[in-house]
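Sequence annotations record features per position, and here TrEMBL assigns domain 'Glycoside hydrolase 35 catalytic' to 11-258. Per TrEMBL, the feature active site, proton donor maps to Glu94. Among the features that TrEMBL reports, active site, nucleophile is placed at Glu170. Annotation comment: TrEMBL describes 318-417 as domain 'Beta-galactosidase 1-like first all-beta'. As annotated by TrEMBL, domain 'Beta-galactosidase galactose-binding' applies to 441-500.
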Amino acid sequence: MGGADDVDLPRAFVLMAAEIGLWVILRPGPYICSEMDLGGLPSWLLQDPGMRLRTTYKGFTEAVDLYFDHLMSRVVPLQYKRGGPIIAVQVENEYGSYNKDPAYMAYVKKALEDRGIVELLLTSDNKDGLSKGIVQGVLATINLQSTRELQLLTTFLFNVQGTQPKMVMEYWTGWFDSWGGPHNILDSSEVLKTVSAIVDAGSSINLYMFHGGTNFGFMNGAMHFHDYKSDVTSYDYDAVLTEAGDYTAKYMKLRDFFGSISGIPLPPPPDLLPKMSYEPITPVLYLSLWDALKYMGEPIKSEKPINMENLPVNGGNGQSFGYILYETSITSSGVLSGRVRDRGQVFVNTVSIGFLDYKTTKIAVPLIQGYTVLRILVENRGRVNYGENIDDQRKGLIGNLYLNDSPLKKFRIYSLDMKKSFFQRFGLDKWSSLPETPTLPAFFLGSLSISSTPCDTFLKLEGWEKGVVFINGQNLGRYWNIGPQKTLYLPGPWLSSGINQVIIFEETMAGPALQFTETPHLGRNQYIK
């Protein structure tokens, strides 16, 4: 459900697969999970207060129908029966573990068939949803990580659908990480053992992930079962290839294993992309958020807070990602309370007094003489991508904000989406020399000079606390010193020979410099192990 610029990307990707001799199993969603914000669904769907995602609710199916109309017109001609590489198409994704509408999967199946999909249809479910995810006339496949699950699920499938082709649609070669949590790893010997068992069982297999990549920008999703946990920027996943595409012990073991099965000599692996450790850069210019506001144009004025998705911006589509700043005037001290999604830094005038989030829902506001501006800078840290609460993923201030239990009124709201167009407002004349003690939050501007062909590198932000990095207008993603991720992957193609612009948005504590390294921090994955 992307914009006009995205409409030919699926076709280009499928044609590239065909060009290098691969078949394609297409998983068009509309929901895909993948640890992406809202499972890949667009946030504007949540403008409807009654929205029920992943059901036959009219507001949702109308959007899905429009999306499928655009997408299928491009991929239907690429099916195997039409001479293309698409040999199968998946109906939604792990719906059995959601299962809120018994008519929904039949609707998605029909929507695909009505638009010309004629190849094999599949479902894909984990152990929690397999019994409820099966659809008449669609081949069920399974998602798992252990040999124990393999035995359980294949036995169940045989009892339900008899002698049918067996497939592990997602064999999880690792796992994703959440901010503030441990780094997840899965031993390469364990991976080889499970893959061998899957093949020995006569099953086809898809490695999820073979290459995980990166949640560039604000693409990452989140989980919210007991506690809200957002995913880190890296989607390295401890996968078969690293985030930067380098080989791992898993790759070597699986290459040897599949090579022994094929009986055909394997071609040499492609050369690795070179990495570069560039000289550290020190930001020389700076723009505090409070000074930046004057270049943002008129704020949105509203009697009550408006959540991010319902802001009257972006051609009526609301704000999807980034930050949002709420301002109002107060005349007394007291206790501030409200629902903040996901993390709000509270300021009295320009002085930070703390944070509101899922666990901290109240904060004391001190008494200040004279005219006082209360500000809350709210970050959308990522919408939930899996679980039953995806309908409840509106971001910003949700409902009223209270001071001593009285709702505050007359808000000024700034949309800080941090797209390329956002930064175009800040010409060089708007920036100041970096002071010894900068006022935060703030933007910091520096430049990286490259004299040769640019290479991949990793950014280290020692001394910085929490924020986002932009290189030549590209959003590399979030950093946060709570870990486990310690460096940000920067692909060489996003750099150019000559001067490269670097902007850091830092919320709370600026570091002295930005460092570069050829290797991810402490080991294979830019993580502390």
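The backbone N, Cα and C atoms fix where each Cβ goes, and this holds for glycine too.
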Q. Tell me, what is the mean pLDDT of the domain 'Beta-galactosidase 1-like first all-beta' (318-417)?
A. 96
Q: Summarise the domain 'Beta-galactosidase 1-like first all-beta' (318-417) by DSSP state, stating how many residues are helix, strand and coil.
A: 3 helix, 57 strand, 40 coil
Q: State the Cα to Cα distance, in Å, between Glu170 (active site, nucleophile) and Glu94 (active site, proton donor), rounded to an integer.
A: 11
Q.
Please give me the CB contact count at 10 A for the residue listed as 'active site, proton donor', counting all chains in the structure.
A. 23
**Q.** Other CB atoms within 10 A, centred on the residue listed as 'active site, nucleophile'
**A.** 22
